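K.L.:
Sequence annotations record features per position, and here Swiss-Prot assigns topological domain 'Extracellular' to 1-14, 73-84, 149-177, 256-261 based on similarity to another entry. Under the heading N-linked glycosylation site, Swiss-Prot lists 3, 4, 12. Look at Swiss-Prot and you will find 15-37, 49-72, 85-106, 127-148, 178-198, 232-255, 262-284 tagged as transmembrane segment, backed by similarity to another entry. If you look up Swiss-Prot, you'll see 38-48, 107-126, 199-231, 285-318 marked as topological domain 'Cytoplasmic'. The feature disulfide bond is assigned by Swiss-Prot to 83-166, with sequence analysis given as support. Look at Swiss-Prot and you will find 303 tagged as S-palmitoyl cysteine, backed by sequence analysis.
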């Protein structure tokens, strides 16, 4: 028994250390993303407003979700609904990310499909409405267990329990996780987004091959759109790669399969690590992001005044 307890303790320490590292990287990286969009006027477009929404969800993962995941992993004894609320927070920001990614995909589709009418369609009012809808859906889906779809109201064992050792599976129903959270609000949107990006690439390829106007400007426009779409599809691919393993683990648990603790920890860490991946993708794939990153970092290192930083970024964005 002591050996098992020591092994579990070592596993928890390693897990918590990794969560703290991922959380710090996610916070710093995504705060930098928001600063880049705020400082660079050329990045203040519809797509990048949705990217800021995605960054806010990732910051929330770092600030709120990861510490809560650590509390859950330690199995601290707390009130049932306090534990349930914490686990719901783990889900809200996941769905905020997927909804932001869906909004980005739809925006890029409108950009290449309605090239002439795009600016008339994507008004500021509609952008804010879309952002509000993304977060509203995320809160409704994530908080659904608080309204009854949980172990308290559906399990004989937990019905009379007020305080318990806080564990994800002790409060959260796996049928909710598998059928509602994963299949309905993660898997289906992922399939829809893949279809949207395939159509985007198809439209761009046709426009570039036909090039009916024989205009260099048109060719350059669709060339830029192709590069941007590839970068954003990579963000989507990394999200799927990060979250699908944990979703598969939840499916295995739901169908009474055995999942080793180490595998579960790795699935959780991989899903949380997605929050620190996007700033790296932007830096490598989007030139204006990379240039603004470097200007901000240079200003921080050599202590440039903010006015000179703004001037440098304005010149860079022209």
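Including glycine, each Cβ sits where the backbone N, Cα and C put it.
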K.L.:
Please indicate, using numbers and ranges, the residues of the same chain that are 6 or more beyond the transmembrane segment (232-255) and have a C-beta under 8 Å from a C-beta there.
P.N.:
47, 54, 94, 97-98, 101, 104-105, 108, 169, 174-175, 177-178, 182, 186-187, 190, 193-194, 197, 263-264, 266-268, 270-271, 273-274, 277-278, 281, 285
K.L.:
Can you tell me which of 15-37, 49-72, 127-148, 178-198 gets the most C-beta pairs within less than 8 Å of the transmembrane segment (262-284)?
P.N.:
15-37
K.L.:
Same-chain Cβ contacts of the transmembrane segment (127-148) under 8 Å, 6 or more residues past its ends?
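P.N.:
Tertiary neighbours of the transmembrane segment (127-148) are 46, 49-50, 53, 57, 81, 84-85, 87-89, 91-96, 99-100, 102-103, 171-173, 176, 180-181, 185.
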K.L.:
When you scan the chain for residues with a C-beta under 8 Å from the transmembrane segment (15-37), skipping those not six or more beyond its ends, what do you find?
P.N.:
43-44, 48-49, 51-52, 55-56, 58-59, 61-63, 66-67, 69-70, 73, 265, 268-269, 272-273, 275-276, 278-280, 282, 289, 292-293, 296
K.L.:
Report the member of 83, 166 (the disulfide-bonded residues) whose C-beta atom has the most other C-beta atoms within 10 angstroms.
P.N.:
83
K.L.:
Which residues does residue 12 (N-linked glycosylation site) neighbour through Cβ under 8 Å, counting only same-chain ones at least six apart?
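P.N.:
Long-range Cβ contacts: 73, 74.
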K.L.:
Check the topological domain 'Cytoplasmic' (285-318) for me and report the mean pLDDT.
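P.N.:
That stretch averages a pLDDT of 72.
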K.L.:
Quick test of the contact rule: Cβ under 8 Å, at least six residues beyond the ends. What residues does that give for the topological domain 'Extracellular' (73-84)?
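P.N.:
Counting only partners 6 or more residues beyond its ends, the topological domain 'Extracellular' (73-84) has Cβ contacts under 8 Å with 12, 15-16, 145-146, 150, 152, 158, 161-167, 170-172, 265.
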K.L.:
According to DSSP, does residue 12 (N-linked glycosylation site) fall in a helix, a strand, or coil?
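P.N.:
Once the DSSP labels are grouped into three classes, residue 12 (N-linked glycosylation site) ends up as helix.
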K.L.:
Three states by DSSP: which one describes residue 83 (disulfide bond)?
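P.N.:
Looking at the DSSP assignment, residue 83 (disulfide bond) belongs to a helix.
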K.L.:
For the topological domain 'Cytoplasmic' (199-231), find every same-chain residue at least 6 residues outside the stretch whose CB is under 8 Å from a CB in it, and list them.
P.N.:
47, 105, 108-109, 111-113, 115, 281-282, 285-286
K.L.:
Quick one: DSSP breakdown of the topological domain 'Extracellular' (256-261) into helix, strand and coil?
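P.N.:
Helix, strand and coil residues of the topological domain 'Extracellular' (256-261) number 1 helix, 0 strand, 5 coil.
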K.L.:
What are the DSSP helix, strand and coil residue counts for the topological domain 'Cytoplasmic' (199-231)?
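P.N.:
Per-class counts: 28 helix, 0 strand, 5 coil.
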K.L.:
If H, G and I count as helix, E and B as strand, and all else as coil, what does DSSP give for residue 166 (disulfide bond)?
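P.N.:
Residue 166 (disulfide bond) sits in coil per DSSP, no helix or strand.
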